[in-house]
Amino acid sequence: MSRFSGITDNPHEGRFHQKTGILLTNLGSPDAATTKAVRVYLREFLSDRRIVEIPRLIWMIILHGIILRIRPKRSAKLYKSIWTEHGSPLTHITQQQSAKLGTLLKQQGYENTEVVMAMRYGNPSIEAGLEALREKGFTRIVVLPLYPQYSSPTTGSTFDAVAKVLGKWRWVPELHFINGYHKNSAYIDALANSISEDLQANGTPQKIVFSYHGMPKLFLDNGDPYHCLCLQTTRLVVEKLGLDKESVISTFQSRFGKAEWLKPYTDEALKSFPEQGIKDIAIISPAFSADCLETLEEIEGENREIFEQAGGEKYRYISALNDRDDHIEALVDVLKPNLG
Ligand SMILES: C=CC1=C(C)c2cc3[nH]c(cc4nc(cc5[nH]c(cc1n2)c(C)c5CCC(=O)O)C(CCC(=O)O)=C4C)c(C)c3C=C
Ligand SMILES: [Fe+2]
Ligand SMILES: [Fe+2]
């Protein structure tokens, strides 16, 4: 058998058309909200060298000896609390985004495009997504990871997965990899719109918290730009809305393990607000392009409780951009320079 795979029924001229396949990716979820499915998912996720950088042998002992014995049960319970009739919110919303993006591209005149969604961990896999595009004859592929702020554990890891698959292909496609869009003006507009809609409906809170997914501080120290890109997104949204700088804060959530992560931590900030007299807040998570465990359970549930137990009175979560029209328009804007 050959080392490299290919489609062998090439109709010669037929495969050289200028069609662009778009692979829309996100992080991924377990296949079900069960301990077993979560264990499979976490094994793949936490074995990724971009996610956990501690020496391999030590990490494998910790992962298989401790974490995969304890965490799946706990995480499955959390997943159960957010699971819907369509399954994982993250997967379902990514499917909706993918369908709407495909339609909007066609409406805007990009007839020769097709969108396929894939997940970095779990299903549908990046390999399946790329294979589907190859089967359909796309020899030009744009990969758009739905992480506005580049980071090595997310965007970098998606690149690894794409490269691993394409490294086995005989005919490597013309590849465009979008490594972020944290300051794209249409993305900033969509965030600003979602905030101003909330302010109009619910009034202006004392503080707007921009809570980004965290990462070990060591990644920043070693050159990961994510922290700076997050702060830049916040600044641009604040400027767009003409907000007072003092009325917003950028924080980092979802700590994992004992090492120091990016600060300030969301939960600690929320706990400290009421004693400073800040009892009315709105919270938004711009790094999540779709609602998921980390927003629906952690921000909506756990963090609300922390704030209220500390004496907070009004707490509202502003949803991820999900399949809002202005979000899908922003994705088209991000894609445009790569559509040929
Ligand atoms: C272990 C280290 C982790 C790093 C570094 C990390 C970075 C990171 N993650 C996202 C986006 C998401 N993460 C999600 C879940 C999740 N993240 C980690 C760990 C790290 N993430 C774990 C172990 C989990 C699984 C849930 C759990 O068991 O607690 C999700 C949600 C997935 C879902 O199914 O809903 C997203 C999305 C970003 C943007 C990021 C960047 C620094
Ligand atoms: Fe994460
Ligand atoms: Fe920074």
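Cβ atoms are placed via backbone N, Cα and C, with glycine included.
Curation does not apply to TrEMBL; its annotations are automatic.
For His213, Glu294, the entry in TrEMBL reads Fe(2+) binding site. Around the Cβ of His213 (Fe(2+) binding site), a 10 Å sphere holds 27 further Cβ atoms from the protein chains shown. The secondary structure of His213 (Fe(2+) binding site), as reduced to three states from DSSP, is extended strand.
Non-local contacts of Glu294 (Fe(2+) binding site) by the CB criterion (under 8 A, 6+ apart in sequence, same chain) comprise His213, Gln253, Ser254, Ser285, Phe288.
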